[in-house]
Amino acid sequence: MSGEVLVSARGVEVHFPTGGRGFRTAQAGVLRAVDGVDLDIYRGETLGLVGESGCGKSTLGNALLRLVPTTGGSIAFDGTDITGLQGRRIKELRRRAGMVFQDPFASLDPRRTVAQTVSEPLEVHGLRKGRDKAARVAELLELVGLDANVAGRYPHEFSGGQRQRVGIARALAGEPDFLVCDEAIASLDVSVQAQVLNLLRRLQRQLGLTLLFISHDLSAVRHISDRIAVMYLGRVVEIGPAEAVGTDPQMPYTQALLSAVPLPHPKLERERKRVVLTGDVPSPAAVPSGCRFRTRCPYAFEPCDDVDPALQPVGAPGQQAACHLHGVVGTPATTPDGVTATP
Amino acid sequence: MTGAPVPPPDAPVAGQGDAKGTSPGPTALRPARPRWRETLGLLARNPTAAVASLVLVGIVLMAIFDETLAPQGPSEVSVQDRLQSPSWAHPFGTDDLGRDILSRVILGAGVSLRVGFLAVGIALVIGTLIGLLAGFYGRWVDDVLMRVMDMLFAFPAVLLAIAVLAVRGPGSGNTALAIGIVYIPIFARVTRASVLGVREEVYVRASRSVGASDFRLLTRHVLPNAAPPIIVQTSISLAFAVLAEAALSFLGLGTQPPNPSWGLMLAEGRGFIDIAWWLAFFPGMAIFLTVLCFNLLGDGLRDVLDPRQRTLMAGGGR
């Protein structure tokens, strides 16, 4: 992993209007799926992105590839701001940045053969034609550990793990630099999860890919990632080297997440201290003022109500957390639309 | 840079189980068996649909070779042979002008089918295009297109057809145009409903994520996957178009005498129903049989075109 930043997000927001659409109904509210994310992804690294369902991690992954429009902030891909890209330039982005989807049963067109699916990027970008195309498809299938002669088969003839390999082959066809794996192993059997996880790890090293690995499975993320970012309610609340975040988390939310991971040792499991969160995740349509985690935080104190914490360096080198326990840093709430929620 | 233990690199595990076995060759980009042939194969296993298809093929062949098949010309008048009941000389009898009804039924097939196919063709092309755009783009495109379709739909079909024919004059071509316009909203709605489901599919998003254009998404992914209900609707609409042609001809707005059309013959035979039933009976049976077969074929296609059901019906063996 080099020190060069490949993808850089600054204050990225993805807000969805709730309620009616168009001119017929007045806009009822705003759902803040992603709400001010700062994130740098270095070339050649695997960044794990974890968080509960609904915290905005998938939306962020989609936004980084311009598959979901951002409503604020900027995203730079290899030095180019991609938030305003159009036409040809966005097509080039699509070639250089791919996505592996969660459900391999839904992400392959049932009416197209494996070869047709895998060769789609080659056709779209005019990369290979005729015999070269077929050869490239065979090469890609072998790269992901499939037999090259499955090219003429339809998706329904494959198992979940094999389908996911086809999905990975499609994502790699355009020789991308950056791959977003959006819960890529969540729908697979546990035994197959490990295989696909190791495949991704191998491909990342072999091809020098930059990987954003989105998952709610902390163990899987720790296994594959160089660094881990933790999201809560549309914001990155802690980020750092996988080892540091995984063993010495600095943000109470990360501590709670980690203590929910089962330990494969009965004695350790019995003796460890669990941080159990109370209450539910607030709705992203009504984000609490100040620190967005304060409504469930066991350590919440006065500044948490008013000051929105910024990421600050704490713990290991490269580790950052957004928490006032490490000193009050952040923007005071001017309560423009911050909804006060009481614990 | 992590301290985590490095697991062994994954061994290639694929190819086990169902990934191996029969294969179309190492570099085949096309499936071993074209899909339409598979569809035909499955259709043949559905006895009702198979029989219906055979009868329809027979009717179409009859319409193509009508002049050779018909024992007499359609307008050969023979006053001394008028209103004869079915006999060996005239199996379907003769009408009030002594014309051979069998010949007229055979020659009428061409008129009825041509109008049916043309009408459904017009509705299919325009309606599908409108439904595709409305369903895929949504928002104001959907609002505008579908409101226009609603207006067209709210208009009584026969009244609309009469209006078209009043402007353009009666005749087979204009009848087809009138029926086609009436059926556009049906195809637009069926297509839109189907597209609404398909456009949310992950594989459409996946194709977009590798850079596919809207045109490619629509033609390669959305339309093929949205097609089954449209194909079924086509088959059923053919039945209704044949009926509509009969109805308009019956009203005197469709095919004009002395051209033979099943609907027109029905209308002409109506006046003699109590003394010569065969005048209306045989063209009526021809309409009935054609419409029934198109409907049965439509039902059969509906069962066969579901890709998930397809595997079940094929018995998993391939």
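Including glycine, each Cβ sits where the backbone N, Cα and C put it.
TrEMBL does not curate its annotations; it predicts them automatically.
Remember, predicted model here, so these are calculated numbers, not experimental data.
Under the heading compositional bias 'Pro residues', TrEMBL lists B:1-11.
The domain 'ABC transmembrane type-1' feature in TrEMBL is assigned to B:109-298.
Residues or ranges marked as region 'Disordered' in TrEMBL: B:1-32.
Residues annotated as transmembrane segment in TrEMBL: B:43-65 (among others). Residues 106, 109-110, 113-114, 289-290, 292-297, 299-301, 303-304, 313 of the same chain, all 6+ positions outside the transmembrane segment (B:43-65), place their C-beta atoms under 8 angstroms from a C-beta of that stretch.
Summarising the annotation, TrEMBL assigns transmembrane segment to B:115-136 (among others).
Sequence annotations record features per position, and here TrEMBL assigns transmembrane segment to B:148-167 (among others).
Residues of the same chain lying 6 or more positions beyond the ends of the transmembrane segment (B:173-190) and with a Cβ under 8 Å from any Cβ of it are 114-116, 118-124, 126-128, 130-131, 134, 145-146, 149-150, 152-153, 157, 160-162, 164-165, 229-230, 233, 237, 240-241, 244-245, 248-249, 253-255. What TrEMBL records for B:173-190 (among others) is transmembrane segment.
Away from its own ends, the transmembrane segment (B:230-255) comes close to residues 111-113, 115-117, 119-120, 123-124, 128, 157-158, 161-162, 165, 170-172, 175-176, 178-179, 182-183, 186-187, 190-191, 194, 261-264, 266-267, 287, 290-292, 294-295, 297-299, 301-302, 305 of its chain (Cβ-Cβ under 8 Å, at least six residues beyond either end). Positions annotated as transmembrane segment by TrEMBL: B:230-255 (among others).
For B:275-298 (among others), the entry in TrEMBL reads transmembrane segment.
Here the transmembrane segment (B:275-298) has Cβ contacts under 8 Å with residues 48-49, 51-53, 55-56, 59, 83, 85-86, 92-93, 95-96, 101-102, 104-105, 108-109, 112-113, 232-236, 238-240, 242-243, 246, 262-263, 265-266, 268-269 of the same chain, all six or more residues outside its ends.
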